[in-house]
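A short worksheet on the structure shown next.
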C-alpha cells in the first residue's frame, strides 16, 4: 500500500497520460498514485484511461484549474 | 475509493494539499455575460451579421471548453491508449455537420446559386495538402492541441499554449505569405466534390457510410486495445 506522487504541472496532454501509464506499470496492486495536473484535457483523459483499465479513480480540484487525480491500482 | 485515505506503508496519514476556499465566480460570469450582450448590440449597429458571428463564436468556444472536445485527442488517443471515445465523438460531429452542410448547400443550389460554387470552397488534393497534413499532425501532438484546442486552452489560462499560439500565428502568416508558391504545386491536383460525383443524395449516403464504417472500426479498435467498448 505504498503511495506515489507524479508531478505533471505545466505538462500538456498527452504527456501526463503517458507518464501516468508508465508509472502505473511500475506500481503493484493496492498502491496509490497521486497525479498533479493543471491541463484540462489531461483532467479528462487520465481518469478515463485509468477507469477503463479498471482502477479506482478520484478527482479532486485542489485549486482553480489544478487537479489531483488519485488512482488506486486495482489489478 | 475511501482506501486512498488509509495509512500508507510508513504509517503516516496521507497528506493532501489543503483545499483553498473558493471564491464565487458567479459575479464575474454575470458581468461577462452582460458585456458579451452589450458588445453584441454594439456590433449590430453597423452590419446585421456581426452579432450572429459573435454569438456563434462565443457558443463554439463555450461548448468546446465544457465538453473538452479535442480534435488532437481524436487522432492521438487511439495510438497512445487505444481509447477511441473522442474519435467517435468527432465522427458523430462530422456526420451531423454533413447533414447540415448538405441542407445549406442544397437550399442554395435550389435557390438558383451555383450548384458547386464554382468549386471555390473545395481544396485540391495535392502534394501541399499531404505535406501540410503530416506537419500539422506532428505539430498538434507536440503542442498539445489543434487550432481550436490551443485557442480554448489559452482562454483557460494554460501558459505553455500561449507559446503554441504565438508560433501558430507566425506559421499561419508565413503560410499565407507563401500561398502563391504552394498554389503552383496544385495546378494538376484533382478537386473532388462528392455531390458532383454521386449527386446530392448519393453524396450524403456515401459520406454516411464511410462515417459508419469508421465508427465500427473505432469500436473494434478500442475493444482490441483496451478490452472495453465504453
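A Cβ is built for glycine as well, from the same backbone N, Cα and C atoms used for every other residue.
TrEMBL entries are annotated by machine, without manual review.
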Match it up for me: which of B:1-21, B:22-42 does TrEMBL list as region 'Disordered'? B:1-21
For the transmembrane segment (B:86-107): best-contacting stretch of B:26-44, B:127-146, B:158-177, B:197-218, by Cβ pairs under 8 Å: B:197-218
Short question: which residues 6 or more past the ends of the transmembrane segment (B:197-218) have a Cβ under 8 Å from it? 78, 84, 87-88, 91-92, 94-95, 98-99, 102, 105-106, 109
